[in-house]
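Only one structure is covered here, and it is reproduced in the block below.
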Amino acid sequence: AGKAGATKGRSPTPTAKSGAVAGAGAGAGGGGATNGAQPTTAAAPTTAATATGGAGGGGGGCSRSTLHANKTILKTVSVFLASGKRNSSNQSKAAAAALQNKRQQQRQRKMDELSGKINPKLLDNLRKKTRFTKDELDALCRIYRKLVSNCQYAAKTLASSSSSATIAKPHAAVEGIDRIVFRELLHSTFDIVTEEILMERIFCSWDKAHEGLPLRLEGWLIGLSTFLRGTPAERAAFCFRVYDLNTDGFITKDEMFTLLRNCLIKQPQDEDPDEGVKDLVEIVLKKFDIDKDGKVSLDDFMGTVAAEPLLIEAFGQCLPTDSAVVSFFSTLQV
């Protein structure tokens, strides 16, 4: 490239020759300044070569700065990602430790329930949620332990008498009070003699948080507090949950018919005993249906019972008698 620049810029004067040499040097340094050499002056090609060489050097410096900036950005991103991974790992470990701690607490709580023990924190919580004293809670926990033992014994008996292992397995570990023991308790201890459907609804409505499941210690005590010492409003709300057979928030005519069907004494000469039940449903509906929408809501039921407390069990017995409550507390020996 230098030689080419020298050939094109050659002149018969010494000054032009010197300019050609300078142009050649500029072509080597800046690439392309050789064509700019002039034969009349020496200063012009020298200045052009210098400017071109400076431009080339500036381009190289800009490239190095850009590369350095890119490396810095990549390093910063790498550090950020590594920090994020460490934080994510720490959070995962903390979440796993919290989950394990929660499971241990749940296992310990189940063991305490089955043994009838109450830790101090749970005891204070139950005293706030129930209307029982500390001594009464201790006695009720002992009763709970006996009832659970009866459930486990019944489950083992069923398992040993059953010829199918698949039937025995679900009953192998009963944790709580099941339907059979609960119904026997209502019948023998609280003198509640009622139809099968009401017995089932009382069991399912006992613990609002876990309908239909075996009753755990806390649910058993909270439900028993309402059952034995609840306010009129609490007991009325409990009765409404029992009578609301499909748990839709209303007592409909069909549900009233089902609940009242066994209340009437059937006479042999009655051609259609269901007609008498239908008439009774209409009478009761007029009494309870305050807003006249053809069904009884919770507000309807509560308002009617507040005005006439004797109607609280209008659709069947689901509360203990006063004498049964007094007798029960006398057996606690507290």
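Each residue, glycine too, has its Cβ placed from N, Cα and C.
Automatic prediction, not curation, is the source of TrEMBL annotations.
Quick look at what TrEMBL lists:
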COMPBIAS  22-34  compositional bias 'Gly residues'
COMPBIAS  35-52  compositional bias 'Low complexity'
COMPBIAS  91-103  compositional bias 'Low complexity'
DOMAIN    231-266  domain 'EF-hand'
DOMAIN    276-311  domain 'EF-hand'
REGION    1-61  region 'Disordered'
REGION    91-114  region 'Disordered'
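Secondary structure counts, DSSP: the compositional bias 'Low complexity' (91-103) has 13 helix, 0 strand, 0 coil. Model confidence over the domain 'EF-hand' (231-266) stands at 90, taken as the mean pLDDT rounded to a whole number.
Helix first, then strand, then coil: DSSP counts for the domain 'EF-hand' (276-311) stand at 26 helix, 2 strand, 8 coil. Secondary structure by DSSP for the domain 'EF-hand' (231-266): 20 helix, 2 strand, 14 coil.
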